[in-house]
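For Glu209, the entry in TrEMBL reads active site, proton donor. Look at TrEMBL and you will find Asp46, Glu84, Glu138 tagged as substrate binding site. Annotation comment: TrEMBL describes 14-218 as domain 'Thiaminase-2/PQQC'.
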Amino acid sequence: MSTSFTEQLRSANESQWQKITQHEFTKKLASGTLPPQNLKRYLLNDHLFLDSFIILLSTMVSHARTLSDRIPGCQFLGLITSSENNYFEDTFTSLNVTPTERSTYKMEKVAQDFINIMKEASSTGSLSCCLAVLCVCEWSYLEWGTIASKTSKVKDQPNFQRWIDLHSGEYFESVVGYLRGLLDEEEKAIGEEERAKVEDLFKRTVDLEVDFFDMAMRES
């Protein structure tokens, strides 16, 4: 049985991929030992590129080839703009993050780099390029989220458990399967130049995910 395109992309970045899925941040999140200041820094920066992520996902949906290919993306977009955004708002309140602090917060470089790569992928007008970035973001999170859901000691701590729940379970597995399936199918339609671009975007996004967790765990 031949290896799928998405599996090939992941295998080419396996060392960095493992750094995402086995990161200290996710382990501390699941154990309930993540300091509030680290969660706060992580969420403030993550929320700053949520708009760019929505644009990227919307662009992917608009370039999907059929209605049946668009519908799951639209449904996931609905979750991002409701349940996930609600989590941010509720957790900011719980962490006593004021509207002023949010509006004046200076984003970390890695957050700006995420915005840039999402905009870059969106601007290509290429379905495969959009999917390259989306697959890394969602697939890597599914892996650590699944691990965290099995080891979680934070069932009574919604700031932690809700984030784990958003990135694990049957529905999120279906989202990742959907995104990977589209990219695997697109491999048949792209040439060498576009394939190289997909490989580059995938690798750079993996590296950014590692850098983002490292930033969140920084002591100061």
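Quick reminder: no glycine exception, Cβ is built from N, Cα and C everywhere.
Tell me what's around each of these sites.
When Cβ atoms from all protein chains are considered, those within 10 Å of Glu209 (active site, proton donor) total 23, not counting its own.
Counting only same-chain residues at least 6 apart in sequence, those with a Cβ under 8 Å from the Cβ of Asp46 (substrate binding site) are Phe88, Ala111, Phe212.
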Neighbour count, 10 Å Cβ-Cβ cut-off, for Glu84 (substrate binding site): what number do you get?
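So the number of other Cβ atoms within 10 Å of Glu84 (substrate binding site) is 18.
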Show which residues of the chain containing Glu138 (substrate binding site), separated from it by at least 6 in sequence, have their CB under 8 Å from its CB.
Phe172, Val175, Val176, Leu179
